[in-house]
Amino acid sequence: MNLFEKMTDQLHETLDSAIALALHHKNAEVTPMHMLFAMLNNSQGILIQALQKMPVDIEALKLSVQSELNKFAKVSQISKQNIQLNQALIQSLENAQGLMAKRGDSFIATDAYLLANMNLFESVLKPYLDTKELQKTLESLRKGRTIQDKNDDSNLESLEKFGIDLTQKALENKLDPVIGRDEEIIRMMQILIRKTKNNPILLGEPGVGKTAVVEGLAQRIVNKEVPKTLLNKRVVALDLSLLVAGAKYRGEFEERLKKVIEEVKKSANVILFIDEIHTIVGAGASEGGMDAANILKPALARGELHTIGATTLKEYRKYFEKDMALQRRFQPILLNEPSINEALQILRGLKETLETHHNITINDSALIASAKLSSRYITDRFLPDKAIDLIDEGAAQLKMQMESEPAKLSSVKRSIQRLEMEKQALEMENKESNHKRMQEILKELSDLKEEKIQLEAQFENEKEVFKEISRLKMEMEGLKKEAERFKRNGDYQQAAEIEYSKIPEKEKKEKELQHKWETMQQNGALLQNALTENNIAEIVSQWTHIPVQKMLQSEKNRVLNIESELQKRVVGQEKALKAIAKAIKRNKAGLSDSNKPIGSFLFLGPTGVGKTESAKALAQFLFDSDKNLIRIDMSEYMEKHAISRLIGAAPGYVGYEEGGQLTEAVRRKPYSVVLLDEVEKAHPDVFNLLLQVLDEGHLTDSKGVRVDFKNTILILTSNVASGALLEEDLSEADKQKAIKESLRQFFKPEFLNRLDEIISFNALDSHAIINIVGILFENVQKKALERGINITLDEKAKELIAEAGFDRFYGARPLKRALYEMVEDKLAELILEDKIKENDSVAFVVENNEIVPKIK
């Protein structure tokens with residue numbers, strides 16, 4: 001076996017990199033210095049691992065070696081075929097071979113190469129580090145092991161390489177505080193102390209705080225708040241993706257995992273944390289191979305390996321419950337989603353950390369709004385994660401505003417720029433008529449420039465005060481961490497000096513500056529550093545597209561006027577609108593069931609009386625846009641097989657990936673009015689589907705995803721019993737009796753029983769028709785105004801249109817046709833013939849029982 005065959009894979013890779021470096025630098029020979037630079041460039045290599053444990057500026061060392069390489073002679077033509085290893089490099093490899101034999105290794109490892117040739121690198125390393133200290137560190141990384149395989153030196157310090165030490169992070173105060181979850185942490189410690197099967201697995205939905213519970217354990221270990229058995233333990237999070245990454249050959253992943261397990265067994269004080277533990281099932285498996293789960297099983301069963309797993313309930317069912325041998329080795333701990341109050345406690349605990357990070361103040365009202373609004377409007381995620389995200393994003397938005405120029409100052413600067421341009425244009429024209437305007441511009445510019453100077457001075461002053469407050473906060477945070485460190489090391493004198501002398505001194509200064517800042521805020525400051533509930537509502541609005549004001553208290557006052565607002569669009573249906581308004585008011589007052597839709601209504605009545613228009617008006621009023629109306633024509637679902645289109649096709653059928661027409665629409669617009677038009681035309685099985693929505697406020701689509709209907713208003717329209725409603729001779733009691741009879745024939749009792757209101761729309765009378773003509777004409781008026789033409793319609797003309805377009809059986813729809821014929825067609829002709837121009841007025845009046853336009 002020659003020298004090169006005795007090299008480990010990692011040393012071979014280092015040599016290949018050294019050759020590539022020599023080619024890049026156009027050097028004729030590969031030297032030990034090229035080898036050193038190649039090792040410094042390998043972030044996963046043993047040299048970098050050793051240097052990271054020492055107080056060394058690695059980047060400065062790299063630059064020093066780079067400058068040494070630049071001194072080497074360059075040749076014009078060099079290729080991989082004619083490049084040579086110089087004598088010094090071959091000698092260095094032989095030196096490493098000698099050390100290999102002394103150590104009892106079977107292959108030349110990278111650390112052996114470094115240790116055998118430290119004298120070659122001393123001149124370049126000495127200014128940056130103690131070479132004896134480096135030798136000691138390299139020896140400690142070996143931990144007395146011998147290299148018996150080509151791949152063995154890749155797995156030295158496997159745990160360091162593929163894991164993140166959470167206890168070390170807790171020691172350095174790099175973990176967020178963990179609030180609550182005491183019960184779960186105690187149960188986890190209980191399981192870890194067991195003799196066998198001492199492996200807890202945390203189960204819970206994404207975002208409920210599984211990883212935080214493990215971080216809480218790491219913090220308790222550091223603070224010595226754990227039983228004696230766990231006192232000196234290290235919690236190391238295993239990075240599975242890093243373990244799999246770069247495993248080129250079959251069995252390499254398994255080899256790495258085995259080394260990690262061996263290291264954990266030998267150290268005896270490591271608790272391995274595997275997040276997303278379901279990924280170990282099948283990881284690394286190939287034909288005839290063994291997956292990671294099977295490698296872990298024996299060690300887990302014997303209690304040699306302390307492991308904490310974390311996964312979701314869905315993944316646990318999918319992977320663990322199928323593999324009973326793996327399942328019985330873990331003890332499940334279920335983490336439920338915290339309540340709003342528990343989430344609020346967590347947010348209050350994280351408040352200081354977030355304030356320090358973003359350099360702002362977070363009001364308690366913002367924390368309350370975050371917990372409540374996220375629970376109410378962001379239904380596809382879980383507390384506390386979604387509430388923390390809201391606070392974090394709101395704080396980031398505020399920080400951006402703080403670091404940008406204030407809007408008021410920017411506006412003044414833009415105004416100055418605009419006036420300067422106008423001034424230059426007037427100077428170029430040099431007309432006498434421009435003199436007055438020029439004087440006005442000069443006066444405005446003078447005032448604006450003065451205002452700009454004042455605003456800039458105010459901005460600078462506020463910035464200085466804020467910077468000083470931020471600096472003091474950072475210093476106090478640093479002092480608190482220092483005091484914690486002294487306490488842990490038992491130096492209580494130093495800790496007391498910090499807590500009772502240095503921190504109070506800083507707090508006093510900070511209070512004075514805070515008082516100054518508050519005075520600035522009261523006097524109309526340019527900078528706002530406090531996160532409020534309005535900021536949180538704004539972020540929720542960006543996420544969900546729900547208008548901001550809908551989430552705030554001011555909306556309740558607006559809802560009081562809902563009836564009059566709806567009557568502006570829907571005429572002659574006072575009774576129906578009153579019933580709708582009452583249901584909406586109940587919801588806004590918080591008296592309706594929060595697990596059901598905001599309201600569910602069945603609108604009955606003949607065609608053209610305002611059923612669909614009421615739904616549109618409601619969408620406009622509640623959500624500021626008709627676009628928040630999800631309209632589904634139920635006549636498309638007459639056949640039984642078509643019903644599946646509402647929730648999505650079953651697996652294996654065409655359209656499965658597309659989702660359901662109803663469920664997808666509500667998922668995209670969770671805050672909307674859902675209108676199921678002409679519902680009696682649909683197949684009867686549709687109503688079975690709607691029972692779940694009306695009762696529980698959610699519907700499960702074909703993919704098993706739960707779609708929330710709690711923020712929707714469900715309106716079903718129907719022409720059932722329209723005959724009874726059109727009968728003039730029938731009394732109100734007889735009409736109601738006929739309606740009930742018709743409903744019983746068409747709908748099942750369990751469906752009718754779940755509706756909030758069954759609302760009857762009456763046939764329209766002549767007075768209502770005239771009002772509708774007015775509303776329809778307003779739309780024509782708006783279109784004409786866009787062209788700069790003002791049009792009017794007198795009362796007699798309205799009556800004539802109402803008379804021509806009214807039909808008791810067809811409702812208000814024929815009115816549109818009458819308006820087209822009697823007004824719009826005539827107006828269109830005048831525009832196309834250029835008889836009317838912009839800023840003209842046209843009055844439509846009655847002459848000889850006909851509507852004629854009069855141009856003014």
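Glycine is no exception: its Cβ is also placed from the backbone N, Cα and C atoms.
Features reported for this protein in Swiss-Prot:
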DOMAIN    4-144  domain 'Clp R'
REGION    7-72  region 'Repeat 1'
REGION    85-144  region 'Repeat 2'
REGION    157-337  region 'NBD1'
BINDING   GLY204, GLU205, PRO206, GLY207, VAL208, GLY209, LYS210, THR211  ATP 1 binding site
REGION    338-545  region 'Linker'
COILED    388-522  coiled coil
REGION    555-763  region 'NBD2'
BINDING   GLY605, PRO606, THR607, GLY608, VAL609, GLY610, LYS611, THR612  ATP 2 binding site
REGION    764-856  region 'C-terminal'
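In this structure, the CA atom of THR607 (ATP 2 binding site) is 49 Å away from the CA atom of GLY207 (ATP 1 binding site). Here the candidates are the binding-site residues GLY605, GLY608, VAL609, LYS611. The one whose C-alpha lies nearest to that of GLU205 (ATP 1 binding site) is LYS611.
Taking the mean position of the Cβ atoms of GLY204, GLU205, PRO206, GLY207, VAL208, GLY209, LYS210, THR211 as the ATP 1 site, the remaining residues of that chain whose Cβ falls within 8 Å of it are ALA212, THR312, LEU335, PHE382, ASP385. Cα to Cα, GLY605 (ATP 2 binding site) and LYS210 (ATP 1 binding site) are separated by 54 Å. Its Cβ placed at the centre, GLY610 (ATP 2 binding site) has 26 other Cβ atoms within 10 Å.
In sequence order, VAL178, ARG181, LEU335, PRO338, ILE346, PRO384, ASP385 are the residues of the chain that are 6 or more apart from GLY209 (ATP 1 binding site) and have a CB within less than 8 Å of its CB. Reduced to three states, the DSSP call for GLY610 (ATP 2 binding site) is coil. The highest number of surrounding Cβ atoms within 10 Å, among the binding-site residues LYS210, LYS611, is found at LYS611.
Look at the region 'C-terminal' (764-856): DSSP puts its residues at 52 helix, 19 strand, 22 coil. The distance from the Cα of THR612 (ATP 2 binding site) to the Cα of PRO206 (ATP 1 binding site) comes to 40 Å.
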